[in-house]
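Participant: This structure is in structure tokens; I'll ask about it shortly.
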Amino acid sequence: MELYQGVNFFELPPHVYAIADNAYRMMCSELNNHFILISGESGAGKTEASKKILQYFAVTCPMTQSLQIARDRLLLSNPVLEGIPVGGHIISYLIEKSRVVYQNEGERNFHIFYQLLAGGEEERLAYLGLERDPQLYKYLSQGHCAKESSINDKNDWKTVFNAFSVIDFTEADLENLFGIIASVLHLGNIGFEEDDQGCATIPDTHEIKWIAKLLGVHPSVLLEALTHRKIEAKTEEVICPLTLELSVYARDAMAKAVYGRTFTWLVNKINSSLVNEDFTRKTVIGLLDIYGFEVFDKNGFEQFCINYCNEKLQQLLIERTLKAEQAEYEMEGIEWEPIKYFNNKIICDLVEERHKGIISILDEECIRPGPATDLSFLEKLEEKVGKHAHFETRKLAGPKGRKRIGWMEFRLLHYAGEVTYCTKGFLEKNNDLLYRHLKEVLCKSKNVILRECFLLAELENRRRPPTVGTQFKNSLSSLLEILISKEPSYIRCIKPNDRKEPNKFDDFLIRHQIKYLGLMEHLRVRRAGFAYRRKYEHFLQRYKSLCPDTWPHWHGPPAEGVERLIKYIGYKPEEYKLGKTKIFIRFPRTLFATEDAFEFSKHQLVARIQATYKRCLGRREYVKKRQAAIKLEAHWRGALARKAIQRRKWAVRIIRKFIKGFISRNKPLCPDNEEFIVFVRKNYILNLRYHLPKTVLDKSWLRPPGILENASDLLRKMCVRNLVQKYCRGITAERKAMMQQKVVTSEIFRGRKDGYTESLNQPFVNSRIDEGDINPKVLQLISHEKIQYGVPVIKYDRKGFKARQRQLILTQKAAYVVELAKIKQKIEYSALKGVSTSNLSDGILVIHVSPEDSKQKGDAVLQCGHVFEAVTKLVMLVKKENIVSVVQGSLQFFISPGKEGTIVFDTGPEEQVYKNKNGQLTVVSVRRKS
């Protein structure tokens, strides 16, 4: 839809959307009425094409709330009526009432019957006395086509029911309407029997009771009306019984009358919901979805009327195209080689004449006095139109043709081909009389819809109603009058095959349709002539913006204006002709180029108009804003000035107060210095928050003014206390233990041994040796004791001072010097005499044992990389006071009973441990800068 919207008619491939869009745009631009005639055989897709056009208009037309409601109702009226939408008004030209009571083989009744049975709710069907199986009803089963694979009656029922709600049907309307529909089905199931006198009776009144309930009539009155006829004499009424055949006729006539008038009521009801309350003059687009040309195995009165209508429409098409084409060229003085009318034009003219004669004869037979039968009608046809070239009966046909025509049949040659009609039922269907007795029953019905359809005023009219043929002929004449008054567009629907199968093309069938529809002749006419023609006024009005001489107004004759316009555009002589009142353009490409130029010019004009209008609006808005801005600025400047004066007065007052307060700041609190002191306090407190110490060791503090020294001291103490509490709360148990160890270390080594200060930031650990680094045999030997600390050390022999790698392991009870899998020395804490280290930065420590202890070999001389940590751990495990000696120069150690050794401590450029000439152990350390 978006692709075809607003596009030139010839720019895209043919489509129903192109037809719809072109009709809509021409209606809007030229303000004239249009109609779209959709024609073709039955089953060719005419109704589907009409739906597509309605959908296109619904989507592409400008929409308001009231138009939206009308659009929805118009679209949804299609499934309700199975009818012909014409803009915002529905017109019904022939309701095929005979289909209600009889269907040909392979033909269905009206869809609403099957939809109600398939989709109606169980409660609704029970209320109407209906069953779901359509085969149970005579009026639905005669064509043996109750179920159609291509039709989903249940889903269609939902669509129809939804449509009723959109078209403003109340629940009472629906109840009455469905009651009428159900009563038609019950009527078809009434069975008649013949009594001894040859009169009709109804032995089973089950269906009569249901009909009486649904239509709101008395059962006995209805029963009498179906089996008796009221005959009126001058002064009295006589009720005569009906024969079996006449009772069946009365029943079917009642069914047709009820359905037909209800359908007319439904059309009027929908039209009332589509009424546009804006009564100003409107242009319209008529959409005519007419029944197609019908040829069945058995063709009756309905097919005769339908085919007559198609003949008239085909004749109209020819008149509006070929004949009008030639007449227009002659009238406009355009040289053009006329094309002769083709055969089906001649056939259409003859068939129209023949149809009128047959309908006239039929009416004469229906109203003449004396007995008239279908056979007498056929004989009258042979007498009156027997000499017509396109009329045949069995009697008039040649030897070969007689075999194909029955005794009760006649054959007509239509533009679409030959059709054989059976005259059986022609008179009855043309009469379509409803006995007065039955009409009285229906006029007194309590069903609201039926009361509107059958008015009591009808009973007062004694005149014979017009026949169906006459009604149809008059209705068709009014239709043609409507069509002739409007600009036409045509859609031809071609049926691809007779089996309704997709993707199957029957070449012979299609060729036949193209031939009798005269499509090739139409093509030749269009190609030989001019593709586009318009009155000078319309052409100039539309395209005058393309030429400076004609824009914006042309004051001369329109023909001269068009001539000036096309010369400016650059038309070549072979591309156009100028008639008396119209311009004729031969090639679509010429029109396309003009239309494209117009679209471009229109955009330029619109842009120029928009620019001028926007400039005007902008200037107007600018002036308005400028005046407002000047006014605002004046008021705002005044407000700012007044505000500035107030602020200056306030500032002067505050400065005076502060000067007085500063002068009297050291005096007792009084009105003169109160605000100043408060400000100083506040300012000091606010500044102090940005200069608080972050840690306990941070001794910085913001200097207070003289009047706040006491308060500052209190705040400082509170801050320090708070930092200490915060620091203490943040210490873990492990760190606390480590710090306790550091305290012990401080008591032993602070100020007494080099390297102590550097060791402060080195945290102690639980052990420098993991259990995995200790030999399992050693672990087994000391398994009864828990290891508290372990560290790698270098042990110097007591005699030769040879260095050996060892492990110092401290338990709860003893210190062990371990070599791989052996314990070289075990020193129990009870036997430990003391621990000695030097005052230098070497890692030498000597564990002294008691000489009297025979278990000990002598003192242990060790060098450890973590001497502070090892000595502290040992001291805390031994739990003795003053056992550590920090010596200077040298120390004596116990080698064996009665023998001592000496360790000399010295400083030098590099660290060394060696045995000197005197046999002493010399330890050289690098002196650390203090």
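Yeah, the Cβs are placed from backbone N, Cα and C, and that goes for glycine too.
Here TrEMBL flags Gly40, Glu41, Ser42, Gly43, Ala44, Gly45, Lys46, Thr47 as ATP binding site. Positions annotated as domain 'Myosin motor' by TrEMBL: 1-599. Residues or ranges marked as domain 'TH1' by TrEMBL: 753-927. Annotation comment: TrEMBL describes 476-498 as region 'Actin-binding'.
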Participant: Within 10 Å of each Cβ, count the other Cβ atoms, then let me know which of the binding-site residues Gly40, Gly43, Gly45 comes out lowest.
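Facilitator: With the binding-site residues Gly40, Gly43, Gly45, fewest surrounding Cβ atoms within 10 Å: Gly43.
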Participant: Using a 10 Å cut-off on Cβ-Cβ distances across all protein chains shown, tell me which of the binding-site residues (Ser42, Thr47) has the largest neighbour count.
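Facilitator: Going through Ser42, Thr47 one by one, the largest Cβ count within 10 Å is at Thr47.
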Participant: Residues sitting near the region 'Actin-binding' (476-498): Cβ under 8 Å, six or more positions beyond its termini, same chain?
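Facilitator: Residues 16, 19, 22-23, 26, 32-41, 43-46, 49, 91, 93, 284, 286, 288, 292, 308-309, 312, 316-317, 320, 504-506, 509-510, 513-514, 517, 519.
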Participant: I need the least crowded one of these binding-site residues (Glu41, Ala44, Lys46), counting other C-beta atoms within 10 angstroms of each C-beta.
Facilitator: Ala44
Participant: Sort the residues of the region 'Actin-binding' (476-498) into helix, strand and coil with DSSP and give the three counts.
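Facilitator: Output for the region 'Actin-binding' (476-498) reads 9 helix, 7 strand, 7 coil.
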Participant: Just to confirm my parser: what is the rounded mean pLDDT across the region 'Actin-binding' (476-498)?
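Facilitator: The answer is 84, the mean pLDDT of the model over that range.
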